[in-house]
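*Asks:* Here you go, one structure.
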Amino acid sequence: MAYEFKEVSCSTSDPLTALNTLSMDYAIVRFSPPPSTLSAYSVSSRYTDCYECPPSLLLKRSAYLSEPTCFQIPVNYETELTFGGPLCAAKISPYVIKPKQFTYHDLTITTNSVGDCSVEFTHIESETLSSGVIPLITLSFYLLSISAFRWLWVKSKKRDVAELLKSEIMDPMLGGEGGVNVGGGKDELLSPLISDLDSSQQYSSLSSILPTKTKKKRIDSLDAFRGLALTLMIFVNYGGGGYYFFNHSTWNGLTVADLLFPWFVWIMGVTVGATFKAPEGDNRTSKWITVFYRCVKLFGLGLLLNSAGGLDGDLSNLRIPGVLQYFSIAYLYINVIVLVLDSPVGTKSSWGRNTIFYMILGGLSFITYCVLTYGSGEFKGENGETCPGGYLGAGGLYGNEAHPSCTGGYHRYVDLVVLGENHFYNSPTCTDIYNCVSYDPEGIVGSLSGSFLAFLGLLTGKIVKNNKKTMNDKKKGMIYMFFLGMIMLLLSGMLCDFNQNPTDHYVPVNKNMWSPSFILLCGGGANVIFTVLFYFIDYCEDNGEKEGEVIWAGWPLREVGKNSIVLYMGHELLDGVMPFAFYFTERSKELHWGVTLSNVIGVSVWVIIALKMDKKKFYVSV
């Protein structure tokens, strides 16, 4: 969502009327000019999220005017408002005003006898419009209610099964040792069940008609993690309730939206590491063909999604990079590693013997990424501007407009040379704040770093695969995964100096460039979250002492994760189509209430579709 400053009409008689015309996350600031001792003045603004950006001019009066001027200002990005004139200037800090959405601030600039400026202000808040946090609280109660209902339903089903099993033990007709309760009770409850059975099986054990636990073939916690990422991704792509923290970060920094796609890449690596079985003999050739074929399908589906944006078959403007294209490249990369290094039997000893080679091959993409990103020399940007080597900025206003057309440094330069500007993304998130040039966050150089993230997932998958025989093995595996995650998180913090915009000697967390600190943060966080899910879903379920006492089996995220490609493709192609987009009034599109409700309905429909597909055992894979 693009936030912008805009001049609006002032309403001195009824400020609340003006507030009712605002969209979400905006407030009105009313400037009352100082005494007529000033012949001219100006008002400027600056996003504090815009790193070292110059102030942008909002208003300039060449002659003194006594009438107040009003602006709508975004409240999610902290802003500094500066009043300036020939005699005095005043900086209005965001920490002083602290505007909230649908508030009306009346600022009066005053001067004293020596020309010093000061700011006096009052504010009015609309109580008729929704508070920004209330839809999130309501959403939390919605999720808790669904979870509680599901928990009670599962408990009641388990109780019914327990009663049936108890009846089986008591009823001698079913092989038990107890007597018959002639006066009624359990036998009467069981009699309809017995009469409905085939006569040849009337006296068989009741356990034959009860569900039995089958041997698991999937890692349920991994499906649940994939489902979690996909559910959040759909919510974010549909609008994220209109909240800025569900949008991608402007340049440096991290939001929820920045984590989701990288988590998918990491999960893919875990899947390959945990399930890959090296083929033998002639089967190895067929395995190579299968891997290449799947990569081609993923890349082709990505191009299909990119062409759905109204190109009308015009390939001259088709975006080539994309999400599924990253999956294709990363999938090929990690499969080449395991196909080359895993022995035909894929034993634990082979993994230990080839660890060094795994690290060398796995790090090749990371080393190449670092060389291209930080070791590149000068190159030409837009309009012939010379860009410095190793530039990591957003261009545009970044760094006081030092390199306005060098957005993304060598990342964009490689895309420009190989693909051409018409074939990569032209509306990056930095456009709104930094006024940057076109840049693709899924570009060619970034795919190398993304492949390394998949390799980190591959290592975690190997830990799962080699620690699955006994409960003690699984416990050790969880310890390994947790500490591996914590080490990566610590390294990420050290690389970025635990700062959003560190000095030149550090590497900022940046999803737009898939920086090393960002990759380590995503991989480390994924390891920690997966460890927690693995404990509650897989470990507790397999632990004989806790049989039947699983706190959470992954529903419904596990079912969503089993059909991820269907839901991802579907939500992209049907974006804006009912019932995936649902607004009751035109005004609801501009309020958190309306956007959140629409997004929740859209996500819920996809979850229901995933549950229905799972119930029918209908799964689609690429």
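Cβ coordinates are placed from backbone N, Cα and C, and glycine is handled just like the others.
Sharing the record's features from TrEMBL:
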| type | residues | note |
| --- | --- | --- |
| TRANSMEM | 133-153 | transmembrane segment |
| TRANSMEM | 224-245 | transmembrane segment |
| TRANSMEM | 260-279 | transmembrane segment |
| TRANSMEM | 291-311 | transmembrane segment |
| TRANSMEM | 323-343 | transmembrane segment |
| TRANSMEM | 355-375 | transmembrane segment |
| TRANSMEM | 444-465 | transmembrane segment |
| TRANSMEM | 477-495 | transmembrane segment |
| TRANSMEM | 515-537 | transmembrane segment |
| TRANSMEM | 591-611 | transmembrane segment |
*Asks:* Pairs 6 or more apart in sequence, C-beta under 8 angstroms, 3 or more of them: is that satisfied by the transmembrane segment (260-279) and the transmembrane segment (444-465)?
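*Replies:* Answer yes, regions in contact.
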*Asks:* At a threshold of under 8 Å on Cβ distances, which of 224-245, 291-311, 323-343, 444-465, 515-537 pairs most often with the transmembrane segment (591-611)?
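*Replies:* Per the Cβ under 8 Å count, 224-245.
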*Asks:* Ranking 291-311, 323-343, 444-465, 477-495, 515-537 by the number of C-beta pairs under 8 Å to the transmembrane segment (224-245), which range is first?
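*Replies:* Answer, by Cβ pair count: 515-537.
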*Asks:* Please report, as numbers and ranges, the same-chain residues at least 6 past the borders of the transmembrane segment (477-495) whose CB is under 8 Å from any CB of it.
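*Replies:* Distant contacts of the transmembrane segment (477-495): 456, 459-460, 463-464, 466-468, 506-507, 509, 516-518, 520-521, 523-528, 530-531, 534-535, 539.
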*Asks:* Return yes if the transmembrane segment (515-537) and the transmembrane segment (355-375) have at least 3 CB pairs under 8 Å (sequence gap of 6 or more), otherwise no.
*Replies:* yes
